[in-house]
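This report concerns only the one structure given below.
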Amino acid sequence: MSVIGLWLVTVTATLSLFVWQLIFLLSIPKSIVVCLIAESLFFVAWFFYWTVIYPRYLTPFRHLPTPASRSILTGNQNGLFTENSWDVARRVSQTVPNSGLIRYYVALSNERILVTNTRALSDVLTNHSHDFGKSNLAKFALKRLTGNGLGFLEGNEHKVHRKNLMPAFTRKHVKELTPIFWDKAMEMVKGMEAEVRCGKDTSTQGTGIVEIHDWATRATLDIIGTAGFGYDFGTLHNPSNEIGQQYKKMFLEPSTAFNWLELLGNYIDFRFLMTLPVKKNRDLTAGSNFMREIAKKVIRERRHELFQRMTSQAGNMKNTKKDIITTALASDCFTDDQLVDHVMAFLVAGHESTATAFEWAMYELGHRPEMQKRVRDEVRTYLPSPSAGGVKNITFESVPYLQAICNEVLRLYPFLPFATRVAEKDTWVADQFVPKGTIVAYAAHISNRDSELWSGPALDAFDPERWMEPGKESSGGANSNYAMLTFSAGPKSCIGEAWTRAELPCLVGAMVGSFEIELVEGKQADGTVYPTVDFKMGKVLKSRDGVFVRLRRLEDW
């Protein structure tokens, strides 16, 4: 337990004794008053040490460049919970001259070391990647959902598990799953079409307004269920089914109270609060347990099917299912419990990120009709029409502009625009000694828009053309492996990158091929007011109030 944690325990005990004496004995011993005064003075001294003395004189990083001014309460932020962490990091990186490392402070003068160049990034993400991990609070919070999924394994265990899971995520294997992605994307389109027909939008005949993110999350959840686990969750057809409702319980929006806990968690261990029997904890546990039971059931079924196939027809594996679970089971390297943890990790990380990218794609295309027409012509020429049926293969090489749009969305709108890691042992970053416990930060929001890492103008603008130039189709003009950190980099990079890069074009292509899309913001003709699109405060790059679009169904495809 930390020093301030012990202080909190002693203060609680003293105050409890104070109240007991006051209520039952109607007197307050001087010893209790002395204790309270001493504890108050200790807190003042502790606070002064960490907010003034340590940052100025004692931090081992005092020689690193840092912003010229700092608030004791808010650090280098413009306020408490009023500015997203990635905006703070980018502002600091742009205003403080540096050689790859910057010392800056968040609320309560909590120190961060911001990594800004490729040399330092390579140390954190590749060369010494296993020296860094998530904070204790983040580990505890996420492990309630995923258990010991791939993101929490370290060292050789991580290498072994990743190596044996990788066959399910190779580009070749994911390509075999794209017909499932396409079928589900078309299922989403049909659902939207039905909503448009039943909608209340009367501004233009044959149109309707839909909110993108709800449809996107249901589509990507069903995709990962069907293609990933061989189990259709059915939320596109029935968003109110038990699976959909239980799954939602796992993703409660962080409250202001949680933000405070995370902030103070740098000094006090609040993990016990996540075990209290309050409604949020009960709902999260219930949702997680429900999904884990489904995962166990599917794993048992896939294991039985695999055994039957291996013991029949002389072990002929032709026509074996291609979902993630079956592929992982075929390696014979995982226990059922380990595989359940990995399934939960894929569920948590594997659908929301693509759904959010799709939402931003609809936002960008929704006010760019010229881009829509260009990609629609391409999609309708080379991708299967809704009436094709029984699609066996989807080839994206023939739709370069669709790929360019998806690549640009992933560059400009990384799902995790900012990340922190904690040094789990003494290590080095760019020749700088980094003691155990140091919090190191890096930001895709910085690297993905860094003019030193990318060629071409207007890196803050949405410009798919950067991916259309000869020789830049796969790089967009980036000159480093650390230029685009949407999927991170190194041995701990996102294992599902190929999945997202195949799934997103299916969703965007099906949507643009089927509808004319118009972004809807502000007051409409019928008096309805729709929100202006903006970023939500939080850890991920999501829209604050959703993205609403007016859809007009297009025929003759």
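Glycine residues also receive a Cβ, built from the backbone N, Cα and C atoms like all the rest.
Quantities reported herein were computed from a predicted structural model and do not represent experimental measurements.
What Swiss-Prot annotates here:
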{"type": "TRANSMEM", "residues": "6-26", "note": "transmembrane segment"}
{"type": "TRANSMEM", "residues": "32-52", "note": "transmembrane segment"}
{"type": "CARBOHYD", "residues": "N127", "note": "N-linked glycosylation site"}
{"type": "CARBOHYD", "residues": "N393", "note": "N-linked glycosylation site"}
{"type": "BINDING", "residues": "C494", "note": "heme binding site"}
C-alpha spacing of the residue listed as 'heme binding site' relative to N393 (N-linked glycosylation site), in angstrom: 25
Other C-beta atoms that fall within 10 angstroms of the C-beta of the residue listed as 'heme binding site': 20
Which of N127, N393, all glycosylation sites, has a Cβ with the fewest other Cβ atoms inside 10 Å: N393
DSSP state at N393 (N-linked glycosylation site), helix/strand/coil: coil
